[in-house]
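K.L.:
Below are the features I grabbed from TrEMBL:
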- Asp39: active site, charge relay system (ACT_SITE)
- His76: active site, charge relay system (ACT_SITE)
- Ser235: active site, charge relay system (ACT_SITE)
- 34-254: domain 'Peptidase S8/S53' (DOMAIN)
Amino acid sequence: MDGEESESAKQWFKDLELDSHRVVNSRPIVRLSKIAIVDTGIDWKHPCFREAISSGRIVAKSFIPRQAGDQDTNGHGTHAAGLVLKVAPNSKLFIARVIEDGLSEEFERNSSAIARAIRWAVGQGVDIISMSFGYRTASSEITSAIRHAFSQNVILFAAASNSGVNPRSPISFPANLRQVICVHSSDGSGNPSPRNPPPIPDCSLAILGEGVAAAWPQNLYTERDDMLRVASGTSVATPIAAGLAALILEYAAQEGPEGETVTRWMQLRHCDEMRKMMHVLARDRGGYRSIAPSSLFDYHGEEMHQRVTGRINDVLDTL
């Protein structure tokens, strides 16, 4: 099954390149989307990030005492950063290192650092914040920071949980907050993962998160010729969802002739509006809403941009 999931994930990314990247890259970039990744840091020297770093599109900051932001001793943050750039290769990343070992206990100990990282990201003018972590109990500090980000038109994504379909294991904090887009995991065909918690109204969106390969720190990997790691779960799906939001924002901001422009694209920078956009791109699968990027970008020919921008404008007109 793992092999099938990996092949399915590879096909998902091939389709993303053939549809979404083809459309987005066919017009000049007007505005880079900015994404903050609140996680375990990043392996600054990984070859996957060489071009983005050389062009000044990765900024890293540590919120852990005596630790650098451009390092990752766990791997999770590096993997998340790699996924964002696979989905939205033109975006600018703001890496906030808030934990070292990635254990849930450390997240709970470092709630103050996470809150400060969220506020820092808002100060950097990010469009999107990706949070692949979850708590059993809420943190008032993090809640306050998230509400501040939401009020500043920052789109927030968080992992639903990887505890499986168990009524006693509800959706984790902060994914259960109204100001956050909760992300479940699916395979490359849109089938929901058994790791997902049960879906609930307004918290049922799912996107690829099973069998996904992305960058892994060089110091943690033995096969230097590869330096990729396959991972699964809602914490993997979260940066992919964040990357898709960045891709949509990048395209919506592009300029074109009359009839090929998203007239009110700034509305998409609000979390509630992007959530609705994601639901429009999703289809029902086993109680979840599985997001399919091709439902927006799978157009060809001379009327391609007219059709894509028209679809986005139609969504904005109903918001």
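Including glycine, each Cβ sits where the backbone N, Cα and C put it.
Automatic prediction, not curation, is the source of TrEMBL annotations.
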K.L.:
Quick check for the class: what is the C-alpha distance, in angstrom and rounded, between His76 (active site, charge relay system) and Ser235 (active site, charge relay system)?
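P.N.:
Here the two Cα atoms lie 9 Å apart.
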K.L.:
Return only the integer: C-alpha distance in Å from Ser235 (active site, charge relay system) to Asp39 (active site, charge relay system).
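P.N.:
Here the two Cα atoms lie 10 Å apart.
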K.L.:
Give me the non-local Cβ neighbours of Asp39 (active site, charge relay system): same chain, 6+ apart in sequence, Cβ-Cβ under 8 Å, ordered along the sequence.
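P.N.:
Sequence-distant Cβ neighbours: His76, Gly77, Ala80, Ala81, Ile95, Ala96, Arg97, Val98, Ile99, Ser130, Ser132, Phe133.
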K.L.:
Using a 10 Å cut-off, grab the number of neighbouring Cβ atoms around the Cβ of His76 (active site, charge relay system), all chains included.
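P.N.:
The answer is 23 other Cβ atoms.
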K.L.:
Measure from the Cβ of Ser235 (active site, charge relay system) and count the other Cβ atoms within 10 Å, all protein chains considered.
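P.N.:
27, counting other Cβ atoms within 10 Å of Ser235 (active site, charge relay system).
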